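Here's the structure we're looking at; comments come further down.
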Amino acid sequence: MTQQDGTAIGIEVTGDGAYSISVGRDLLGGVAETLGERVNKVLIVHTSTVGRLAEELRTELQRDFAQVLLAEVPDAESAKRVEVAAFCWKLLGQADFTRSDAIIGLGGGAVTDLAGFVAATWLRGVRLLQIPTTVLGMVDAAVGGKTGINTAEGKNLVGAFYAPHAVICDTGLLETLARNEILAGFAEVAKYGFIAEPEILETIERDVDRATDPTTPEFLRLIELSIAVKARVVSEDFREGGLREILNYGHTLGHAIEHAERYQWRHGVAVSIGMVYAAELGRMAGQLPDAVVDRHRSVLGALGLPLSYPAGRWPGLLATMQRDKKARAGMLRFIVLDDIAKPRVLAGVDESVLQFAYQEIAA
Ligand SMILES: NC(=O)c1ccc[n+]([C@@H]2O[C@H](COP(=O)([O-])OP(=O)(O)OC[C@H]3O[C@@H](n4cnc5c(N)ncnc54)[C@H](O)[C@@H]3O)[C@@H](O)[C@H]2O)c1
Ligand SMILES: O=C(O)C(=O)C[C@@H](O)[C@H](O)[C@H](O)COP(=O)(O)O
Ligand SMILES: [Zn+2]
């Protein structure tokens, strides 16, 4: 991490398609420069919840670029549909967007996943600038180059690995974000604590209110620590050949819960339950100590996140998990911990053990 000009921290993702993630406040004045001179036209993909911000950004960018268009898309998970991607492709086609033009994803993780997918697929790839406006987008969705949409069969089943040109995380944009959205984002922050960075867990345990208040130094530190873990992993394994799978901690069951809830639940909320399940599995099928399992419940509980799910839902969840991207030849794979910051893949576990672990989180 390098301090840039006193206001922004720069975190680098290295390897093919290297890019920089800036974290700080009042950073949107630098968007035009970040996009670069070769860009001619810009499409800003956003939802109505950040509509005013999108308008302001458009006005600002019109000084530097020939054409700046807005694509307002449906809110939250409804944005991650092929029909919405097609709507964006249509706008790009009608405005004659070429490979020297650019797309901005401005919004939560759902918007940045969609905008990233549209950028990856339009003309097989145009410049992408991600400007996340949620905690979850800043620490996770917008910063790692995984893009995608859902299908009727499951979550993120269509997508591409596509590196952004840059990511700008302006924490001032979080001022309008609802408290429950901040806490949902903290599920992914806690995930980094469990898989890699104990300081994150200690900071939440010390004072959860300060940790989750976007105006405190503790909050900023947690955002930076989280992005740093993600950047380290993505730099080493952009296309998820191995190491990157650890970022899916809690997601095998989490994605199945999102599917079961018809995507009406927030991603982080589902992942919270998924992490408690993964911890129980790590205890039963691995060697995770009881105290660490308890710590999952205390940290996630302190964040006000759910820890259990109805007992009768197991058969449906199991069927959905078989379609998880980590599954190989019908064999389910989970990320479990041997201890804090010691993640590994667990594969080929007997279904009875999977169900037994589920009983521990069943409401
Ligand atoms: N690509 C990845 O690596 C990755 C990682 C994690 C999550 N994700 C995806 O991210 C999505 C979840 O992202 P999310 O939690 O940001 O949810 P989201 O995008 O649905 O946003 C949550 C809500 O906050 C609103 N909002 C956004 N910014 C706001 C602001 N500044 N002020 C007021 N309201 C605002 C949105 O309109 C929405 O209603 C899921 O689809 C998940 O699969 C992707
Ligand atoms: O960046 C990654 O890699 C992750 O797994 C991050 C997750 O938090 C994220 O939800 C991701 O979209 C899940 O990936 P998927 O490949 O299982 O859809
Ligand atoms: Zn996630």
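One-based numbering along the chain as shown.
Glycine is no exception: its Cβ is also placed from the backbone N, Cα and C atoms.
Going by what TrEMBL states, the Zn(2+) site holds E188, H251, and the candidate of H165, H267 recorded there is H267. It is V111 that, of the binding-site residues A79, V111, has its Cβ surrounded by the most other Cβ atoms within 10 Å.
When the binding-site residues K155, H251, H267 are compared by the number of other C-beta atoms lying within 10 angstroms of their own C-beta, K155 comes out lowest. Proximity to ligand 2 (Cβ under 6 Å from any of its atoms) holds for these binding-site residues out of D75, V111, T134, H251: H251. K155 (NAD(+) binding site) falls within a strand segment according to DSSP. Ranked by CA distance from G109 (NAD(+) binding site), the binding-site residues E188, H251, H267 have H267 at the top as the closest. Counted with DSSP, the domain '3-dehydroquinate synthase N-terminal' (72-182) comes out as 50 helix, 32 strand, 29 coil.
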